[in-house]
Ligand SMILES: CC(=O)SCCNC(=O)CCNC(=O)[C@H](O)C(C)(C)COP(=O)(O)OP(=O)(O)OC[C@H]1O[C@@H](n2cnc3c(N)ncnc32)[C@H](O)[C@@H]1OP(=O)(O)O
Ligand SMILES: CC(C)C(=O)C(=O)O
């Protein structure tokens, strides 16, 4: 047994130490007995947990189909076209453009894409259909003249759907899939010309709830009809449809299918997660680790109920691991604005990578670490001789550089009552190039904290600057304080000592302040003593605010004025004058 320290012993002697046994949660009274746990897969030799994703999967955007079918107000042709053009611009090469047999809107949209030549040569459009002959015929008709097109056929295969929706046996369900595939091939043959490169995708809908051996049986029956082989791929898409299991169970199912499918080399194994449990992204990532070659989803997770898999999230997750997502997310706000316009739905502030607040910290310890992180990044990049925008990213609390998705650093730190000195110092440095010494950061943050405690809410960078100016840098528009430097200043050296003569206004009267010291600052301190002000300089710092001939400098002095310790700030093109102004700033503050 390890010996307890005296501090731990003292704590354990207290009457009510917190232990697991003393935390008493109450039964909820919720009817949880109505639900059964999701079955697991017996796959002890699973390999997916140790896989690492090192390249982007194939992507299919279904914004114009699964996304669109979930909208209160489905997209107008104009909105659909805007979404299509965005997806193309971002780099998606497989785009599900609709459900043409649903009605004129989708049918005509597909026609317009083809007839207006809106589909780049390297982009394959895809259309979804139920396995019903009239719908299949209409679906294939919509594709006439397309250069590259895929028909995607689905039917539900799970026990609940077999019993409740189709009221059929396993064989009936398998026949729907196989017959549907045959019909797609027949109509494609009849309707589409030789100039259409034609592809086929089949989805056993509700795959997640389908017995694995039956899902395999149906997929094999479909493949027997399609006959995949060299140069004749089949896409088998295994959707969660309604996400009901933890992502590891889905990954087991994908790995099991990947291992057991015949003709695997001609199968593009596709994943289509939904997000009912909020783990759609994890499901997709684990599915890719488990062998999926392709990921279907929508921008920002638009889609039925809680949505489809968020393509932006998965793509940016890859990016953040140093893997090229093969999709351009560099203007995330433009992508978001377009998606919001097309879907007529907002992307929430906390949405991964794209929300308004996802690169923003309000809290003190986060801001402190971020400020230190940015400072260190700059120093490290400089030392390595690498431009900071190419240097390996590593700033606390920021998983990626917001600039890589087109964001500025402005919103990285926002100040409210939860903020500390680091955040406030960051704003002054970022917006005004003022690099406050640490003790001055503490002093100024107390001033801002008093404001947030009194008024609540957020203090904007503009507010912070206004308070800073008012506190340390009286302006001609807002003059205050006993002393103001006015006209000229002369500095000579006699016997190795500086002799300073400065024109000033003291208590409203023109006054010349004369003093001698072993530097201009100490000469000015002595000049102030001449008008009865007792100042002792405790600390001093200065830095340039900009580069070049007309560069401004900032000086910071910590002084004891009549025994009161406080900081002053001066800004001037001349560093000596900046330091004298800083002394005046401290003296005036002491008497304010
Ligand atoms: C998981 C998914 O996202 S699947 C995609 C879902 N998307 C959509 O449905 C959007 C577009 N759909 C539509 O506009 C309409 O459903 C239409 C126009 C295609 C068809 O409409 P309707 O002919 O009225 O049929 P409805 O949609 O009600 O379909 C129900 C019938 O189709 C059968 N059915 C449903 N899915 C399938 C399928 N994949 N394959 C074959 N039959 C199917 C049902 O069993 C039912 O048959 P029953 O009437 O004999 O009981
Ligand atoms: C048609 C299929 C792929 C689908 O949308 C789903 O199962 O969610």
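Heads up, residue numbers simply count up from 1 along the chain you see.
Note: Cβ is positioned from N, Cα and C throughout, glycine not excepted.
Note: TrEMBL annotation is automatic and uncurated.
Keep in mind it's a predicted model, so treat the numbers as computed, not measured.
Among 248, 308, 313, the residue that TrEMBL places alongside 66, 272, 274 at the Mg(2+) binding site is 308. DSSP places the residues of the region 'Regulatory domain' (475-592) in helix, strand and coil in these numbers: 27 helix, 61 strand, 30 coil. For the Mg(2+) site, the Cβ centre of 66, 272, 274, 308 serves as reference, and the other residues of the chain with Cβ at most 8 Å from it are 62, 239, 240, 241, 273, 280, 296, 297, 298, 303, 304, 307, 309. Considering only the binding-site residues 272, 274, the Cβ with the fewest other Cβ atoms within 10 Å is that of 274. When pLDDT is averaged over the domain 'Pyruvate carboxyltransferase' (57-333), the result is 98. The 6 Å Cβ screen around ligand 2 retains 66, 272 from the binding-site residues 66, 272, 308, ordered by sequence position.
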